[in-house]
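*Asks:* Annotation source TrEMBL lists domain 'ABC transmembrane type-1' at B:73-285. Under the heading transmembrane segment, TrEMBL lists B:21-47, B:72-98, B:110-134, B:165-184, B:213-240, B:269-288.
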Amino acid sequence: MTRGVAVQLTDLRRTYSGVNALDGLTLHLEPGELVALLGPSGCGKTTALRCLAGLEDPDSGRVEVGGKDLTKVSTNKRDMGMVFQAYSLFPHLTARQNVEFGLQLRKQGSEQRRRRSAEMLELVGLSAHVDKYAHQMSGGQQQRVALARALAIEPQVLLLDEPLSALDAKVRTQLRDEIRRIQLEVGTTTLFVTHDQEEALAIADRVGVMRSGKLLQLAAPQELYSRPADDFVADFVGLTNRVVGTSRGTTAEALGASLPLLPGSATEGTVTVLIRPEHLTVTQDAQGSAVVISSSFLGAQGRVVVSPGEDLQQVLVQVPSAAVADFAPGDRVTLRPVGAPALAVARG
Amino acid sequence: MADTARRGALAGRRPSGALLGVVPFFVYVTVFLIVPTLVVVVGAFIATGPGGQGALSLANIRALAQPAVTSALWHSLILSAVTAVAGAVIGALLAYAVSTAKPDGVLRRFTTSLCGVLAQFGGVALAFAFLATFGATGYLTNVLASTGLDDTGGLWLYEWNKGLMLVYLYFQIPLMLIVFLPAVEGLRPQWREAAETLGGSTWLYWRKVAAPILFPSFVGALLLLFTNAFSAYATAAALVSQGSPLLPLAIGGTLNSEVILGQENVGKAMALLMVVVVAAVMTLYAAIDRRASRWLAR
């Protein structure tokens, strides 16, 4: 069942006491798509979501949903479901009554409301908790009810404002996957705001990285990771080593190897080459110029911190977890890039 | 192992240290609450009249049915209920107004500090302030009389159902603000926003969300105001000089009267009646407060 509509934010601007929270944000969501807005605190991602919800008025720009201009339409007439960071359930109502709240406002009969709330609570796996109050449920259960409440009204757009940030790691991963499953099932166009890159990459069809009110890049998770538009995106999404190199147009020399450069890279002179830890290899070599600083076992994989020498910054190398024991601090090693395309930025 | 032993030792030591710290409190409670309560309870059932001196008796309890006592109880209940309801409504509106001000703004800090002082400003000092302003020789009474606007001579101030109600409101309203403000501040912005995104208007949010959430806190605060007025003595004693229209004044009368002697234990029976009323109200308050704090806990 796909009931998604297209969402278009055009040139949104919003200023708070002289600070640009949104600086000409333009963003398009395809019908039924889940787009995650990712960025550090204060980058404007929540403001963008609140402008779409109508909880904030942009200073200028347009908000269109399903081809209709909603810029001046009040929140309660926008037909959007929203899940907040935490504590948004009405504490005096049970889970079922919370889910029925929006349906009651839509003048649905009690039988219809009861059926719909039961359906929604089953969808989020809480059929056994319908008569519980918020204080009788865990944080994860509360967020499930909030999701059921938002979806019960069959909104045109679903807005998720860091809904997992108050939960512990295990519940967060579980609920993240469930949100995605449910979103695919109901097909509602969804905007998901988070500062957690892993969450964004795992859940979204496309991820938008924001900084200072601007959208720096909007791309599918894999593309965002492998082809970051600039060094901020590369740094913010995943781990990145910053290595000094020399750009020669479409390639760069770094760590004794020649690397193909991504579009948008600096094309000449001394540059900083951004290399992912998994795009480097490290091997034992008594004659090697690099020295192991530390190694750590992280479960599924391991990491080795290496000093390449020659006053270069330390770099992080991802290794199979079984290989971690082979590297002890002080070991001489050879460090090599695997040759994956990298981004080079001019040295400031 | 060593850690466990140390923890055990500490665990053994901590309660005794903690107990030592609260001993003064327990002594205080014993001397000024438990002992007087026992004296009241026991005294209420001991006869003082000729023939039955010192014997167990229900005579004092039966004396509570005298018209003077029932009328004093009724007046006390009316005075407490009226000032509690009026104080709660006005105080709640004020609390909401204050909650909309900037959290660290001057207006908010000034109002809450002022209310903290006014809520405690009772007794003879408050009575005197009103006497000096509205009393028979009060300056406002004189001004109004000289302009012909009021010729009552400020006599209304001395009546329990007029002047005393106004005086009680002077401390009831600020007390309500102090007690109720945390509840109003406990309303989370997410609740309003969730109600709006679900299709609700501002009015609907207040009717279906905020008001039901605040209701237990409001009732709890109202009960607190009721007991505050019900047990007040000094202000009433300083203002009302004719008769004993209120229960605390009637109790005072049994202890101070130079006309009717040997009524101390009837006074204790009246005090027991007050204890019962206050205990019932406070039990209700505790139950309501438990629910309110669960909903508004941060």
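For all residues, glycine too, the Cβ spot is worked out from N, Cα and C.
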*Asks:* I'd like to know if the transmembrane segment (B:165-184) touches the transmembrane segment (B:21-47) in this structure, counting it as a touch only when three or more C-beta pairs sit under 8 Å and are separated by 6 or more positions.
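*Replies:* Per Cβ check, the transmembrane segment (B:21-47) does not touch the transmembrane segment (B:165-184).
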*Asks:* So what's near the transmembrane segment (B:110-134) in sequence-distant terms, Cβ-Cβ under 8 Å and 6+ beyond its ends?
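*Replies:* Same-chain contacts beyond the flanks: 94, 98, 101, 140-141, 154, 157, 163, 166-167, 170-171, 173-175, 177-178, 181, 232, 234-235, 238-239.
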*Asks:* If I count Cβ-Cβ pairs under 8 A between the transmembrane segment (B:269-288) and each of B:72-98, B:165-184, B:213-240, which range comes out on top?
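*Replies:* Highest pair count goes to B:213-240.
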*Asks:* Can you tell me which parts of the same chain pack against the transmembrane segment (B:72-98), counting only residues 6+ beyond its ends and a CB-CB cutoff under 8 A?
*Replies:* 64, 107-108, 111-112, 160-161, 164-165, 168-169, 172-177, 179-181, 183-184, 218, 221-223, 225-230, 244-250, 270, 273, 277
